[in-house]
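Trainee: Sharing a structure below in structure tokens format, with a few things to ask.
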Amino acid sequence: MGPPKLWKLLIFFVFLLATHAQDCLHDEFSCPDGSCIPSEQKCDGVLDCEHGEDEENCSANPHKCLEDEFQCNDGRCIPNNNVCDGSKHCSDGEDEDCITEDSCN
């Protein structure tokens, strides 16, 4: 197989890969590996793309939790009713750093 045939084969494979690349929807974030994640998972403190690209350059637009959610130090959001319920839901347990009436006496 000479150089012209190898070149044609290479072009064919590049074309094949390009036509099978996944296009993300308008409400999705495109990871460099071609996978798509929901846009709300970008800058949420959780690495969803293979190499964490969804968490890069987030300081200018940090993820905000909803009014009925608590934001963990790692950026994750948990429902407010999970705060001070006796179970750690945040990675470092800050959702259970609670002041109780008993500790004030």
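Every residue, even glycine, has its Cβ placed from backbone N, Cα and C.
Automatic prediction, not curation, is the source of TrEMBL annotations.
Below are the features I grabbed from TrEMBL:
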DISULFID  CYS24-CYS36  disulfide bond
DISULFID  CYS31-CYS49  disulfide bond
DISULFID  CYS43-CYS58  disulfide bond
DISULFID  CYS65-CYS77  disulfide bond
DISULFID  CYS72-CYS90  disulfide bond
SIGNAL    1-21  signal peptide
Trainee: In whole Å, note down how far the CA of CYS58 (disulfide bond) lies from the CA of CYS72 (disulfide bond).
Mentor: 16
Trainee: If you draw a 10 Å sphere on the Cβ of CYS77 (disulfide bond), how many other Cβ atoms land inside?
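Mentor: A count of 18.
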Trainee: Around CYS36 (disulfide bond), how many other CB atoms lie within 10 A of its CB?
Mentor: 16
Trainee: Could you round the CA separation between CYS24 (disulfide bond) and CYS58 (disulfide bond) to a whole angstrom and send it over?
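Mentor: Spelling it out, the Cα of CYS24 (disulfide bond) and the Cα of CYS58 (disulfide bond) are 20 Å apart.
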Trainee: What's the CA to CA span in angstrom from CYS36 (disulfide bond) over to CYS49 (disulfide bond)?
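Mentor: Distance between the two Cα atoms comes out at 8 Å.
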